[in-house]
Structure formats: structure tokens, C-alpha cells
Amino acid sequence: MSIEQKKYHSDDEQAISQPLFIIKIGGNIIDNPVALDAFLKDFSAIKAAKILIHGGGKIATKTGERLGIVSKYIDGRRITDDATIDLVTMVYGGLVNKKLIAQLQALGTNAIGLTGADANIIPAEKRPVKAIDYGWVGDIDPSKLNSQPLVSFIEQGIIPVFAPLTHDGKGHILNTNADTIAASLAVALSKHFRVRLIYCFEKKGVLEDVNRDDSVIRKLDKELYTKLKDEKKLFEGILPKIDNAFDAIRSGVQEVLIGDAKDLIKNTTNNNEGTLIY
Ligand SMILES: Nc1ncnc2c1ncn2[C@@H]1O[C@H](COP(=O)(O)OP(=O)(O)O)[C@@H](O)[C@H]1O
Ligand SMILES: CC(=O)N[C@@H](CCC(=O)OP(=O)(O)O)C(=O)O
């Protein structure tokens, strides 16, 4: 156990001063062995308490193609029918999660792979059918998360690694966007730790011009977000990511940063690159 991890006390005031990094990686990094290898080395080097959440949407889509399961998305959420929930359970909960755990163990990081069903950490509700039936997609109420098992893992120096799966309490696994899982865990754990939520992806941060890495917006508030969205400078996957980030801040998460996976070390040592959401 690291010195930082040993500093944890169950007394609330002291506990909240302890830093916890909640870090999310998406399909673009998981799917790139060189980028993933570098990321996992940097992740392993973080001395403070930490949790990893992974996506894997691209891998699920590719695996589905091999099995004859066509992926369909509406507003960035996968329509998850019976065949698709089996597919994503295998891909996220099995293939991606367990390979990550093995790679982390090889780097000396004692990680444990989890879904939201494990230890009932993330109960969710199947999204109600309105104009669209999303199928087995789960929505989370962060106040219902059970964070105690995670606090215990962290106290023991065991690093939780989450697949983007939750459960409905009625025996079904649900598919939940990985950015949302990261934000919900950050909200629940901000009652115990000083949380920095970091969304890692393949760009330098939220960019003024998506094709120019030197156009990073260093600080983003709601007003600027609305303006950039109206100007169509922000689109696709970055929109739900920023929405999740604002939700997290509004619900008490101390810091949220969107940045390049390559800048993880800087972003965990107060030499911020990327975009700070406030
Ligand atoms: N202004 C912008 N700055 C950064 N990324 C943007 C912007 N506008 C659109 N994007 C897109 O959002 C994507 C990130 O979302 P997504 O692909 O869902 O990431 P992940 O799979 O890592 O969660 C970027 O790869 C980029 O194509
Ligand atoms: C409901 C829903 O859309 N779930 C996502 C979960 C994976 C994910 O979020 O992966 P990335 O972070 O790599 O995009 C999906 O199946 O694509």
C-alpha cells in the first residue's frame, strides 16, 4: 500500500482531504495497443488512490460484426437488444476487463475487475421506453450507489477497474455508458475523498477547432459550452462527455478534467494539460 493510500481515515473530514483519481479511458485507447500500454504504465505509476473505468464501444461493435450482430446507436447510446446485451457482457465484462486486469497485474498494480453488479456497487434502472426503446440500457441514480466496498478496496490498496455494465436488481445486466459510470462513481465517492475525475481520450482536451491540437480550451464553463455548441465547434462524443462532467461538478465532485491519455502523469500532478470543467 502506498503512503498516500495509508493516509485514509474513516473520519469524514480527514477522509475528504485524501485525493482519489477516477480515470476513464474509451475505445480509441483500448483499441490501440501502443497507446494502451503507455497509458497503463502511467496509470500504474500514480501513487495516490485511484479507480479506472473503461469503455470499449468500438471493440463491441467489431466483435458484433464478426458474430452477425449489427450495432445501432441513437444519441450516442447503443440500442441494446437481447443479442447485444450478451455481446457487451462478454466484451466489456470479459474480454476487455480481464485483459486490462492481467496487464495491470504485470505492471505490479493489484487491480480487481468489476461490473456494477459486483457487490451491488451500481444498481441501475432499465431506461423506460418512450419514443425510443433502448433495450437493456441502464440509467444510474448516483445516490443509490454503494461505495463502501470501493472504500474497503482502496484501504487495502486494491485498485478497482470497472466495465461499463450495471444491473437492475431483477437479475439482468444493463449496458451503461462508461462516461456516465465514471461521473456517478465520482459523485458517490466525493463524499469520502477529494475526487479528481479525469476523462482520458486521444485529443489534447476540448478543442476550439477539433483539427487543431493547439486549440485546447483550458477552462470550460456552461456559458462557453453553450456558445461553442451553438457554433457547432463541439459535436458527437464530446457532448455527452461534457454533459456528464457538468453533472458531476453540479453534484459535488471537486474537479473534472478532460484531457489526452498521454498527459495522465501531468494531470495527476497538478501540471494540468487539457480542459478543466467548472
Ligand atoms: N471540439 C472538440 N474537441 C475534442 N473532441 C471533439 C470535439 N468535437 C467533437 N469531438 C469528438 O469527440 C470525440 C470524443 O468522444 P468519444 O469518441 O465518445 O470518446 P471516448 O470513446 O474516448 O469516450 C473525439 O474523438 C472527437 O472526434
Ligand atoms: C449504453 C451505451 O451506449 N453503452 C456503451 C458502453 C461502452 C462505452 O461507453 O464505451 P466508450 O467509452 O468506448 O464509448 C456502448 O455500448 O457503446
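Using the three backbone atoms N, Cα and C, a Cβ is placed for every residue, glycine included.
Predicted automatically and left uncurated, TrEMBL annotations should be read as such.
Database features (TrEMBL):
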- 20-259: domain 'Aspartate/glutamate/uridylate kinase' (DOMAIN)
- Lys24: site 'Transition state stabilizer' (SITE)
- Gly56, Gly57, Arg78, Asn175: substrate binding site (BINDING)
- Lys241: site 'Transition state stabilizer' (SITE)
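TrEMBL feature annotations superimposed on the structure.
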| residue | record | DSSP (3 states) |
| --- | --- | --- |
| Lys24 | site 'Transition state stabilizer' | strand |
| Gly56 | substrate binding site | coil |
| Arg78 | substrate binding site | strand |
| Asn175 | substrate binding site | strand |
| Lys241 | site 'Transition state stabilizer' | helix |
Count of other CB atoms lying within 10 Å of the CB belonging to Arg78 (substrate binding site): 23
Taking Cα atoms as reference points, rank the recorded positions Lys24, Gly56, Arg78 by distance from Lys241 (site 'Transition state stabilizer') and give the first. Lys24
Quick one: average pLDDT across the domain 'Aspartate/glutamate/uridylate kinase' (20-259), no decimals. 97
Give me the CA-CA distance between Gly57 (substrate binding site) and Lys24 (site 'Transition state stabilizer'), in Å, as a whole number. 13
Separation of alpha carbons, Lys24 (site 'Transition state stabilizer') and Gly56 (substrate binding site) (Å): 11
Tell me the Cβ contacts of Asn175 (substrate binding site) under 8 Å, same chain only and six or more apart in sequence, or just say none. Arg78, Thr80, Thr84, Ile85, Val88, Tyr92, Trp136, Val137, Gly138, Pro164, Leu165
Checking the spread of the substrate site as listed (Gly56, Gly57, Arg78, Asn175): what is the longest Cα-Cα distance, in whole Å? 12
Quick check: which same-chain residues outside Gly56, Gly57, Arg78, Asn175 lie with their CB within 8 A of the centre of the substrate site CB atoms? Gly55, Ala60, Thr61, Thr80, Val88, Val91, Tyr92, Pro164, Asn177, Ala178
For ligand 2, pick out the recorded positions Lys24, Gly57, Asn175, Lys241 that have a CB under 6 angstroms away from one of its atoms. Gly57, Asn175
Cβ atoms within 10 Å, counted per site: which of Lys24, Lys241 has the most, among these recorded sites? Lys24
